[in-house]
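If you check Swiss-Prot, you get these features:
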TOPO_DOM  1-32  topological domain 'Extracellular'
CARBOHYD  5  N-linked glycosylation site
CARBOHYD  18  N-linked glycosylation site
TRANSMEM  33-57  transmembrane segment
TOPO_DOM  58-69  topological domain 'Cytoplasmic'
TRANSMEM  70-95  transmembrane segment
TOPO_DOM  96-105  topological domain 'Extracellular'
DISULFID  105-183  disulfide bond
TRANSMEM  106-128  transmembrane segment
TOPO_DOM  129-149  topological domain 'Cytoplasmic'
TRANSMEM  150-172  transmembrane segment
TOPO_DOM  173-188  topological domain 'Extracellular'
TRANSMEM  189-212  transmembrane segment
TOPO_DOM  213-356  topological domain 'Cytoplasmic'
REGION    222-319  region 'Disordered'
COMPBIAS  235-246  compositional bias 'Polar residues'
COMPBIAS  265-275  compositional bias 'Polar residues'
COMPBIAS  288-300  compositional bias 'Basic and acidic residues'
COMPBIAS  309-319  compositional bias 'Polar residues'
TRANSMEM  357-380  transmembrane segment
TOPO_DOM  381-393  topological domain 'Extracellular'
TRANSMEM  394-413  transmembrane segment
TOPO_DOM  414-432  topological domain 'Cytoplasmic'
């Protein structure tokens, strides 16, 4: 009888079954209790952390970018690992045999391969998305709509399902001959090598090569931008953002001042002056341009009131035109500065996102490489090299990876950190 159905049995029988269970698994009762507690905490942490990731992306404005849907799908895969794979792996590990039947064994193995493959294919798709966003920034950002990202996610899951389908057809039936059946993948060399290559090594190689290329492109752009930043000696920037060296003074100097080409606002004022002069029958002249005939002076002397009112009207018109020009120039400069600031914020966010994903990919490779390496080594030299059975426990390190992504987002990304704090504070306030 299974220990799980020990309800109503006397204490002696329960202790006896626990002792036999301990003997089958090779663990002591204390070790079984410790492992069960540790893995249970890992499952809970994985589920809660990845649910927070999903809620954060779907509710936070700072995380509304379409590419973050990849993280939602990746978090979903990690949640499914924690709920549909890890509990049965824990039971199989502690009991020492597979209790749940042959049919569920095939489904369990297929789901295990599916979610592992899905995680790395997601990371591969994310690396390609990063590469295209870096090399084809304008064109690709216009194409990268939520609908397009969702289509890519569906393709990722279909590829993962295709790779993970063989376990349903290739379960080793010899594992069920003994009284204590084992749930293991097909042990044939061809299957081990092909599944390892398709599920891990090939996507991992693509991912690493793409990120190396992203690093090279980013480094080249940084060098080119740093080469453009230095200004020539003697060049200063005026308040309106124009370089003095780019607007040289020319012509003769008058009264110690240099005659420079008029700025747009100055041109507008000049036009207003010309219009007013025409309205006043050219009664005014610029300073230093000579004198009009004496007859005009006598006419102006006869009309002092007209002269004062005309001067005030002209000054008002010039002031209005000048103010409009200054306001227009200031608004354009403000819009230009705001667009530049938005662009810098967007670029900084893209850089942070790329760095975080690089950390996620690196941690994934570190967690899963030991298992796939030992698994493939067993297929290649099973007759010549003895691999300890403990090496096949490395898949637990791979399972731990499912719980690490939320922690990585929290540590390395400010937007995720703020979103998590907001979600937790809201739930904390609602609970009181």
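Using N, Cα and C of the backbone, Cβ positions are placed for all residues, glycine too.
On a predicted model such as this, the values are computed, not experimentally measured, just so you know.
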Interface present between the transmembrane segment (33-57) and the transmembrane segment (106-128) (three or more C-beta pairs under 8 A): no
Reported mean pLDDT - the topological domain 'Extracellular' (173-188): 68
Three-class DSSP secondary structure - residue 105 (disulfide bond): helix
Count of other CB atoms lying within 10 Å of the CB belonging to residue 183 (disulfide bond): 23
Residue 105 (disulfide bond): tally of other CB atoms within 10 A of its CB: 23
Cβ-Cβ under 8 Å with the transmembrane segment (70-95): same-chain residues at least 6 beyond its ends: 3, 21, 24-25, 27, 32, 35-36, 39-40, 42-43, 46-47, 50-51, 53-54, 57-58, 104, 108, 111-112, 115-116, 118-119, 122-123, 125-126, 129, 149, 152-153, 156-157, 183, 395-396, 399, 402-403, 405-406, 409
Assigned element (helix, strand, coil) containing residue 183 (disulfide bond), judged by DSSP: coil
